[in-house]
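**Student:** Okay, handing you the structure first.
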Amino acid sequence: MNNRIFFDWVSPKLDVPLLVILSLCLGVSSGVSIAVSSYMVSGLSTSNADAAMCTYAYFAGMAVGFTLINAMNTYFKSKILLVAICVLLIFFNFILTKTDEAPLIILVTFFIGVVRMMGAIIMLTSFMPLLMPKGERYKLYCVYFPLTLLVSPVSGFAMAWLSDRFNWHFSFHFCNLLLLLALLIVVVCVHDHRKKHSIPLWKFDWFSHILISAWTLSFIYFLAYGRYKDWFDSKEIRWSLYIAVICLVWLMIRNTTARKPLMEFKILRERNIRVGLVLTFVCGAFFTMTNSLNMWMTVAFKKNYVENAYVNLAPCVGYFIGTAICYFYFKNYRNFKFMLILTVAFYTMSFVLMYPLVDANVSQAQLFLPLMCRGIGIVLSYITLGLYITAEVPQEYLQSIPPILIFVRTFFGPAVWGNLYSIWLYGTQIKLLNRLASWTNSDAVGALVNAQYHTKGITNSSAAAYQAYMQQAVLGSIKELFGWVILMGCGLMVFLFFFPIYKKVDRKIFNWTKSKNTADIAATVAA
């Protein structure tokens with residue numbers, strides 16, 4: 001096979017296993033993930049805004065990394081790129097093992113997102129000739145998306161265990177150990193055949209990438225720290241908004257005048273692309289509930305982050321089930337409407353099952369079924385929307401889809417929905433806390449706390465009462481949010497039932513036997 005990245009002496013039967021190992025080793029490096037951020041906040045006495053900023057900086061880096069790899073992949077050999085990616089990730093992880101400065105941690109996490117996405121694209125382009133030789137994209141997505149989704153909870157559990165047993169810095173040595181394995185495979189097994197390059201690097205539009213990096217970082221700074229710094233009363237928040245607006249306007253102007261723009265918005269002429277991007281953003285409302293779920297589990301499991309990470313392995317079962325559903329369905333049928341409704345149904349079902357369970361005494365077994373349904377919904381949304389957006393797209397649009405799709409799915413959706421939830425939960429918790437306090441007089445509070453928590457004295461009683469009431473306010477706000485998400489899911493299912501997903505039922509959405517250009521390789525990749 002001429003398009004293999006491995007040497008000829010490597011058996012073709014080992015191609016897929018080796019690529020899976022490389023994908024897993026590269027995917028483990030995700031900066032300061034949610035599993036580690038809890039230990040970082042408690043260990044460094046940083047705010048939750050710093051942890052949120054790390055998460056969104058990683059997403060922003062992934063959005064920037066995709067457009068960057070387009071230039072690198074045409075200029076450098078795949079082996080050089082993979083070696084550089086492994087070395088850079090090892091270097092960035094090593095910095096995270098040494099530093100305690102929040103700004104540096106955030107910046108390093110951003111660069112990890114950039115490099116991590118570049119590695120993901122190379123892995124995807126290597127998987128394509130093996131999994132879809134005749135253009136059956138559903139086969140590729142049924143392998144690639146579950147693989148990328150599985151990495152996060154599995155590595156999160158391992159890093160949470162290491163953080164709990166040692167410290168949060170030490171967990172990044174685990175990432176570097178796997179990266180060394182990936183580096184060994186690349187050096188020994190990947191060939192170094194020269195690729196024909198199209199443009200020299202100095203002609204690449206570096207300035208546009210600087211603009212998009214500045215815009216994404218300033219935008220997430222505004223969202224992450226706005227509530228903590230009292231929004232526009234803070235000089236830093238105002239400046240972050242100014243910088244975000246200036247960079248965005250400058251980027252749009254440059255994008256319209258450049259010979260090869262980063263994002264070609266002419267692809268929005270295609271109806272399925274417009275509808276697919278909107279649905280991708282809306283599905284982000286369900287996918288981004290991860291932070292709210294972790295907040296609930298932190299209360300339920302008494303800040304046992306290892307147990308929290310262990311429970312988060314439950315969606316992995318859903319990934320396998322959802323992948324099997326997609327594989328057998330798209331192998332035989334072509335109705336996107338059914339799969340989109342089924343996707344929202346599993347999302348909604350997961351929150352319907354969790355709604356009565358919102359309590360401080362929920363068990364791991366009770367959470368398994370709803371989290372499994374959530375996992376099914378996630379993988380269904382990834383595969384179904386990925387196939388729908390690229391269905392019978394004109395050839396000239398294929399290279400323009402990935403930057404916008406990844407921007408919406410990986411960065412814009414999670415950043416917007418995540419911060420909306422954070423702001424709403426904070427306001428609701430304050431209202432519920434005030435309501436609880438208004439229903440109880442001070443004498444009753446003292447008696448209740450002394451009886452339940454065995455505290456003595458006014459100071460201890462007040463602190464324990466506040467802790468008990470705050471816990472109830474947190475749980476109440478999360479339960480209320482689940483209720484709104486359930487209503488949104490039901491409304492979305494009704495909308496999808498009546499909304500025409502495509503103009504004609506008999507339209508030829510797929511042509512599995514016709515192979516696409518190599519531009520189709522990464523048409524729906526996302527982290």
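The backbone N, Cα and C atoms fix where each Cβ goes, and this holds for glycine too.
In TrEMBL, annotation is done automatically, which means it is predicted and not curated.
Here's the feature list from TrEMBL:
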TRANSMEM  80-96  transmembrane segment
TRANSMEM  102-128  transmembrane segment
TRANSMEM  140-162  transmembrane segment
TRANSMEM  168-190  transmembrane segment
TRANSMEM  202-225  transmembrane segment
TRANSMEM  237-253  transmembrane segment
TRANSMEM  273-297  transmembrane segment
TRANSMEM  309-330  transmembrane segment
TRANSMEM  337-355  transmembrane segment
TRANSMEM  367-391  transmembrane segment
TRANSMEM  403-426  transmembrane segment
TRANSMEM  481-502  transmembrane segment
**Student:** Where, among 140-162, 168-190, 202-225, 367-391, 403-426, do we find the most CB pairs under 8 A to the transmembrane segment (80-96)?
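**Tutor:** Looking only at 140-162, 168-190, 202-225, 367-391, 403-426, the most contacts with the transmembrane segment (80-96) come from 168-190.
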**Student:** Cβ under 8 Å to the transmembrane segment (140-162), counting only same-chain residues 6 or more beyond its ends: which ones?
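**Tutor:** Distal contacts: 20, 23-24, 27-28, 30, 33-36, 39, 120, 123-124, 127-128, 131-132, 170-175, 305-306, 308-310, 312-313, 315-316, 319-320, 322-323, 326-327, 375, 378-379, 382-383, 386-387, 524-527.
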**Student:** Taking a Cβ cut-off under 8 Å, which residues six or more beyond the ends of the transmembrane segment (309-330) line up next to it in the same chain?
**Tutor:** 35, 138-139, 141-142, 145-146, 149-150, 153-154, 156-157, 159-161, 294, 297, 301, 339, 342, 346, 364, 367-368, 371-380, 383-384, 387
**Student:** Assess whether the transmembrane segment (481-502) lies in contact with the transmembrane segment (237-253), where contact requires at least three Cβ pairs under 8 Å among residues 6 or more apart in sequence.
**Tutor:** no
**Student:** Tell me if the transmembrane segment (273-297) touches the transmembrane segment (403-426). I count contact as 3 or more CB pairs below 8 A, with pairs 6 or more residues apart.
**Tutor:** yes
**Student:** Taking the transmembrane segment (273-297) as the reference, which of 102-128, 168-190, 202-225, 237-253, 337-355 gives the largest number of Cβ pairs under 8 angstroms?
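**Tutor:** It is 337-355, which has the most Cβ pairs under 8 Å.
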**Student:** When you scan the chain for residues with a C-beta under 8 Å from the transmembrane segment (168-190), skipping those not six or more beyond its ends, what do you find?
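**Tutor:** Contacts with the transmembrane segment (168-190): 5-7, 10, 18, 21-22, 24-26, 28-29, 36, 39-40, 43, 78-79, 82-83, 86-87, 89-90, 93-94, 96-98, 155, 158-160, 162.
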**Student:** Near the transmembrane segment (102-128), which residues from the same chain, at least 6 beyond its ends, have a CB less than 8 A from one of its CBs?
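**Tutor:** Contacts with the transmembrane segment (102-128): 5, 16, 19, 22-23, 26-27, 29-32, 40, 44, 46, 50, 53-54, 57-66, 68-69, 72-73, 78, 81-82, 85, 88-89, 92-93, 95-96, 140, 143-144, 148, 213, 217, 406, 518, 521-522, 525, 527.
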**Student:** Suppose I define contact as three or more CB-CB distances under 8 A, residues 6 or more apart in sequence; do the transmembrane segment (237-253) and the transmembrane segment (337-355) meet it?
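**Tutor:** They are not in contact.
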